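Chemist: Starting off with a structure, shown below.
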Amino acid sequence: MNNRVESGAGRSTLPLGFWFLLSGSLAERAAFQGIRVVLVLFLIELMGYSEGEASSLVSWFVALCYLFPLAAAWLGDRWLLRSQSLLLFAIIATVGYAILPIGSAEVVLFAVILIALGSGGVKTHAPTLIGVTLECHRSGDLQLRSAAFSYLYAGINVAWVVAALGFPVLRAEFGYRQAFWVIAATMALSAAMFVAGRRHYGSEPITDAACTRDIWSAVKKMGFFAPTIVFWSLFEQSATTWTLFVRDHVDLSLGSLQLHPDMIQGLNPILVLLLAPFWRWAVVRLSRSGITMHSESQVLLGFAFSFLSALAIAIAAAFSARGQLVSFGWMAAAHFFLAAAELGVAAASLEVAFTEGPPRLKAFFGACWLLMPFFGNVLNAAMAPFYDALGSQTYFAMLAAIVGLGCFSFFGLTAAAGRRRKSCSFVVPQSLYQEHSHE
């Protein structure tokens, strides 16, 4: 494979390999979000798990999706070309999706492990390979790179919206197994796109790993964002306890339209798409006014929004104790604050992984960043049984307290760091919000 790819007709023409990678990535994200949206209800209604058990299993599944990228990144950084790694993990994911509709308990567990492994690999290597392909196409063209990742960012959110709104309808109208076959076909399309474009991808030589000192130095800097674990705990519960609460306690009637409980997850990507331009505008406007929004500042602001999100659903749960369905507006408010929190917490902490990783370990450090949501899901797996035991009112009050504790912890770390240095070394570039995508 050549290290340079065709340049296209114009100076700013995106290479053909990018469009194959974009198409495959969007199909893979749609398939993954489709499983994530309907899995908890499938485990309860067809597999016979309790609400706590199903929530715990889904949390472990998502946690593995964030853990496996470490192994996938190490493989791609040291042993295989990124394109080879991408194709390998896309095929693994396709096999997992294909056997999931068979439906026995053992097969389902094996299938979700394969999906987590394959999804983790694709999530690690597809964005990195896009960057490599763009560099081989036109090195140093920041405008082209910004445009490419803006397409990726918007497309992934659109794919999430389609999955969150479409697959619950398929599930309700035709059944879980039929919906799973459609999801499997979507993943097969993703793998086919990755294979079809393999001759058009850029490549880079496999080199020796960075020294242990470099790795440890960057990991320590990323450890500064450990409190974001509680944000990810809140964020990922939209697929588990939030869905169960909506099913049992929220009025889903919007005029003549009756929503399905798992469709509510589609609010998050819609709101992120709407809020991202405003967030970026606010950061730039503040910078021009002499107020630089460093990474720590944006994470802290994101924490404030995450606490408001947790508080909104805790209040909704308290109102549900009266025995009446609560307004859909409470869930809309919770998702609004959650989307704003994501733009602060997720994007700013991702910047640290992006800037601090050695060139040949970019995928590895991106995977290290995913350890934060991994531990957030591990925390959710441990907390899930309490949803049954304590009831939604006490459970969500406890969750709000945990998020608040995380906010104060990060504030303490930021204050301590501010005393040691006058300014933060991590500044969020304008292009970051175009590169960030839902994992």
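Here the Cβ of each residue, glycine as well, is placed from N, Cα and C on the backbone.
TrEMBL labels come from automatic prediction, so no person has curated them.
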Chemist: From the ranges 7-30, 223-246, grab the one TrEMBL calls transmembrane segment.
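Modeler: The listed stretch tagged transmembrane segment in TrEMBL is 223-246.
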Chemist: With the transmembrane segment (395-416) as the reference, which stretch in 57-75, 148-167, 299-321, 364-383 has the largest tally of C-beta pairs below 8 Å?
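Modeler: The listed stretch sharing the most Cβ pairs with the transmembrane segment (395-416) is 299-321.
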Chemist: Could you pull out which residues elsewhere in the chain have a CB under 8 Å from any CB of the transmembrane segment (299-321), counting only those six or more residues past its ends?
Modeler: 225, 227-228, 230-231, 234-235, 242, 245, 249-250, 293, 330-331, 333-338, 340-346, 348-349, 392-393, 395-397, 399-400, 403-404, 406-407, 410-411, 414
Chemist: Among 57-75, 148-167, 223-246, 266-287, 364-383, which stretch has the most Cβ pairs under 8 Å to the transmembrane segment (87-117)?
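Modeler: Out of the listed stretches, 57-75 contacts the transmembrane segment (87-117) most.
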Chemist: Other than its close neighbours in sequence, what residues sit by the transmembrane segment (223-246), given a CB gap under 8 Å and a spacing of at least six beyond its ends?
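Modeler: Result: 36-37, 39-41, 51, 54-55, 58-59, 62, 252, 261-262, 264-265, 268, 296, 299, 302-303, 306, 309-310, 313, 316-317, 320, 331, 334-335, 338, 341-342, 345-346, 349, 352, 372-373, 375-377, 379-380, 383-384, 387, 392, 395-396, 399, 402-403, 405-407, 409-410, 413, 417.
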Chemist: So, do the transmembrane segment (266-287) and the transmembrane segment (57-75) meet, by the test of 3 or more Cβ pairs under 8 Å (sequence gap 6 or more)?
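Modeler: Stretch pair does not touch.
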